[in-house]
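Over in TrEMBL, the protein carries these features:
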| type | residues | note |
| --- | --- | --- |
| DOMAIN | 213-345 | domain 'SSD' |
| DOMAIN | 552-680 | domain 'SSD' |
| TRANSMEM | 191-208 | transmembrane segment |
| TRANSMEM | 215-236 | transmembrane segment |
| TRANSMEM | 248-267 | transmembrane segment |
| TRANSMEM | 288-312 | transmembrane segment |
| TRANSMEM | 324-346 | transmembrane segment |
| TRANSMEM | 377-397 | transmembrane segment |
| TRANSMEM | 525-542 | transmembrane segment |
| TRANSMEM | 549-571 | transmembrane segment |
| TRANSMEM | 583-601 | transmembrane segment |
| TRANSMEM | 622-646 | transmembrane segment |
| TRANSMEM | 652-674 | transmembrane segment |
Amino acid sequence: MRVVAWATGRRGRFVVIAAWLAAAVLGYMGHAKLPDVTQGGQTSFLPRHSNSTKATQALGQGGVQGGSDIPALIVFARDGGLTRADRTAIGGMATSIDRLGLRGATPAFAPFTERGRSDILGGAGLISRDGDAAVVPVGIDANVPGAITPAVHQIRRVVRAQTPPGLQAHVTGPAGTAVDFEQAADDAGRTLLFVTAGLVLVLLLVVYRAPALAVLPLIVVAAAYLVTAGLTYLLIEADAIQVNAEGTMLLLVLIFGAGTDYALLIVQRYREELGAGDGHEPALRRAVVGSAPAIGAAGATVIAAMLVLLLADLESTHWLGPVLALGIAVMLLAAFTLLPAVLAVLGPHAFWPTQAASRPVRSPRWVRVAALVRRRARVLIAAITAGLVVCAAGNLVGTQSIGFGQGILGTTDSGQGTELLNAHFPPGINSPLIVLVDVPVAGRALDALNDLREVDAAVPAGASRNGQLALIAVILDEDPYGSPAAHVVERIRELLAGLTDEASVGGITAENLDVEETNRSDTRIIVPVALLVVFAVLCLLLRALVAPLYLIVTVIASFAATLGIATVLFTKVLGEDGLTFNLTLMSFIFLVALGVDYNIFLMHRARDEAREHGTAEGVTRALVTTGGVVTGAGLILAGTFASLTVLPLEQLVQIGGTVALGVLLDTFVVRALLVPSITVVLGERAWWPGSGHPEVAVSARAP
């Protein structure tokens, strides 16, 4: 491998380090700008053919006055009723907000002085029936770039400064919620970097007990991440891809987790090769070259699985695939160039204060595990299979999806405002549906909507300038961010379909429904294709059909069990409202790709050992040799995904927690016990249609 020889050479090592340092510095410049170009939430990534997207397009093309406005709702409440002074103060705040001249904003609507005026919320009804609360809406044009966030911040400053004592006041609605979500994502990104790096550092110190070896993988991984972030920024700026904030955080944990694993495997092989006693440079080259086939195959599997996401219609999922694949490709390059270059400079001193080859490669613990697998293979298969089935039964627990607006953990201004709204108004006032119909059927549509039990009010809210479209604002009697409201949208669409072929329904509730439906459709396509792709990679690597088949089956079983555990944990134990809409797809793609990685490390070594010792002995030898390092790698990978659980975004908390659980299950049960047991029972048949003592694709041993 000429690249490795050059990267570890006397001059090449310093050229490689300098090149990566320069690339990382340039990448950091792009990384710092990523929050400015990433988009928040999922609804902005809907495909053009979705019904809510058609509504948005119709609003713009039809020239509906205020049709593109995103309302910021200022909600005021006082126990015992709003006083005259409160009403005066509310009117004064509306005037102050108008005087700000907010870009893209409509005049603030003070209900006490302008009650009955037509607007997107229906005008009347902005004072609660009990007289304890009132709402002042401010529309912000979504078509004005960068208008929503500064407008909401300035509105909040006015409200904080002018609200009388005892009067509760919060800014919520779609605009307030979007700004709080954006802020939570920005805070989460900064928190995640430090938490992930700190956690990996601690775990590496535990694994190596050597400061240099604990820091070195972090440096390599950080360089790869910064380069990937910089390239991602350039691609976004060139309008080649779209990425949301959640995607950049998943990129971070994937690179840190997988990259640290690759470094662990290379360093462990380096420790083995140093025992030959012919110098650290030849040992390092043999270690990297010997590790390359398994690490390269594992990385290729992850890349292939991530690229399958390009089949998704939901663009946040569609573009996440190539970004994650790019990250793994850059990480592989760093693992085979930057890591060897730095190790070449440090030499055996990297292992200080321990001796480079002082720790045994074969752990007595894994010798006992291997012996158990040889003696009780069939019992282990039966017991583990039964346990996985029981865990998978958790998927039968009924759950609902968590949509945009429900996914921010902790206290936010918009969340407090939503609680006030729900206490005094119909829940749907927080985010009304926008119904667009042809003018000739508008009257019948309005009557039909008001006849629905779940609709609190449906009111005319304008018409297009060309006179062809009528806009109806629909205030639901359901939480607009919950699953029941989404079911109402389905009923409304069915109802309107009987009146006209051109009706469309927009608003956050409709967009959430379309996101969920698009994601379900994507999942049905991506899951089987990803399995076929991974199966093909395994067949090429192992030159067999049987082993890849049961490896895929065990990964599926592990995923089903993990999702069952996560479902019960999040909804029944932790009492969360439901599961994030893309939990199944995201956890599947990560667990299948990363779970197969560990099986590749095991089975590649097992195939090598089988040449001399037969399959049963070969797989147990492979288990002893790879057990410690792969288990350490699994702990680190699980830890990096677990770092997502400290964030204030429920979507990432659930995805991170589920993947962490799945990695632990795969590391300590499936890869350590189930797969070796199946291989022992099948014996030479595992390599069918190849030979019982196959020649491996490369002569070097797997890590």
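Quick reminder: no glycine exception, Cβ is built from N, Cα and C everywhere.
Sequence-distant contacts of the transmembrane segment (324-346) (same chain, at least 6 residues past either end, Cβ-Cβ under 8 Å): 1, 3-4, 7-9, 12-14, 16-17, 20, 212, 216-217, 219-221, 223-225, 227-228, 231-232, 250-251, 254-255, 258-259, 262-263, 266-267, 270, 281, 284-285, 288, 292, 295-296, 299, 302-303, 306-307, 309.
Residues of the same chain lying 6 or more positions beyond the ends of the transmembrane segment (248-267) and with a Cβ under 8 Å from any Cβ of it are 34, 38, 185, 188-189, 192-193, 196-197, 200, 204, 207-208, 213, 216-218, 220-221, 224-225, 228-229, 232, 287-288, 291, 294-295, 298-299, 302, 320, 323-324, 327-328, 330-332, 334-335, 339-340, 343, 350, 586, 590, 594, 597, 601, 629-630, 632-633, 636-637, 639-641, 643-644, 647, 652, 655-656, 703.
Counting Cβ pairs under 8 Å that are 6 or more residues apart, the transmembrane segment (652-674) and the transmembrane segment (525-542) reach fewer than 3 and are not in contact.
Each residue in the domain 'SSD' (213-345) has a pLDDT score, and their mean in this model is 91. The transmembrane segment (525-542) makes no contact with the transmembrane segment (622-646), as judged by fewer than three Cβ pairs under 8 Å among residues 6 or more apart in sequence. Counted over residue pairs separated by six or more positions, the transmembrane segment (288-312) shares fewer than 3 Cβ pairs under 8 angstroms with the transmembrane segment (191-208), which leaves the two as not touching.
Residue counts for the domain 'SSD' (552-680) by DSSP state, with H, G and I taken as helix and E and B as strand, are 116 helix, 3 strand, 10 coil.
Packing against the transmembrane segment (622-646) from elsewhere in the chain are residues 191-192, 195-196, 199-200, 203-204, 207, 249, 253, 256-258, 260-261, 264-265, 268, 361-363, 365-367, 369-370, 373, 590, 594, 598, 601-603, 605-606, 608-609, 652-653, 655-657, 659-661, 663-664, 666-668, 671-672, 676, 702-703: each is 6 or more residues past its ends and has a CB under 8 Å from a CB in it. Taken residue by residue, the domain 'SSD' (213-345) breaks down under DSSP into 117 helix, 1 strand, 15 coil.
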